[in-house]
């Protein structure tokens, strides 16, 4: 745990009242992508959605995700070096100034030794820095307009799934106004914490957060990839980070693995459902909905009743 995280957690613990920690899955929960690509989202509408259109939208997202991964986030170099989170190699990072570092000429290879683990840690630190700055510093206005249009088209096709999921995060967070220095940021006094535990690879998952406008609410240190370690291990790490009776956890996702891991941790689990008539989807799920799951495990609190 870094010093900034420790300081924030200390502030939250001393402020009184419970802190809700939302542990999110990504695909088919906060965003839709896999179900667009394989047609299951459209098929759930029993013929009223154009399946081919959904596949086209999904493929456009795939193209942009992979391009940004490769062009700006070292993915071609580190695709085979997936780590569960960006700070996992922090002990190897000597905090060298990377402003003039040549990532193309440092002879990086699979990190089986300390030297290459340091080089991978450098790349992770650079990724974290870029992530916190958002997309604007390395994409031109035309590219940003293309992504904005794709987001709006996808949101319309999915009956506002993307914007509704994002609205959930916003309702739980105090968001500062956007400034010329970068994207909007979470007010550090905000009580609720959002964490992503995805079965996707780490770098593409971070890029998805940027492209689907989730980076405002999901800081880089709160994004975990469970591919190699499993979701239960990620949940255990999260519990260790927020190891205080004040913190209350709830898992939100669509898959069996996060459900089983939540049960093992004795955390409430909200199962997201693609079916159009389900209330456990976006739009549909709200902080107030999830407060009932918190209450079932942890009891009622004033914080629950304040969620709208």
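Placed from the backbone N, Cα and C atoms, the Cβ positions cover glycine too.
Per TrEMBL, the features are as follows:
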- 25: active site, nucleophile (ACT_SITE)
- 25, 27, 254: Mg(2+) binding site (BINDING)
- 27: active site, proton donor (ACT_SITE)
* To do: Can you check which residues sit near residue 254 (Mg(2+) binding site), meaning Cβ under 8 Å from its Cβ, same chain, 6 or more apart in sequence, and list them in order?
  => 25, 27, 28, 29, 271, 272, 273, 274
* Looking at the recorded positions 25, 27, which one has the fewest other Cβ atoms within 10 Å of its own Cβ? -> 27
* For the recorded Mg(2+) site, whose residues are 25, 27, 254, find every other residue on that chain with a C-beta no more than 8 angstroms from the centre of their C-beta atoms, and list them by sequence position. => 26, 28, 29, 30, 34, 198, 199, 253, 255, 258, 272
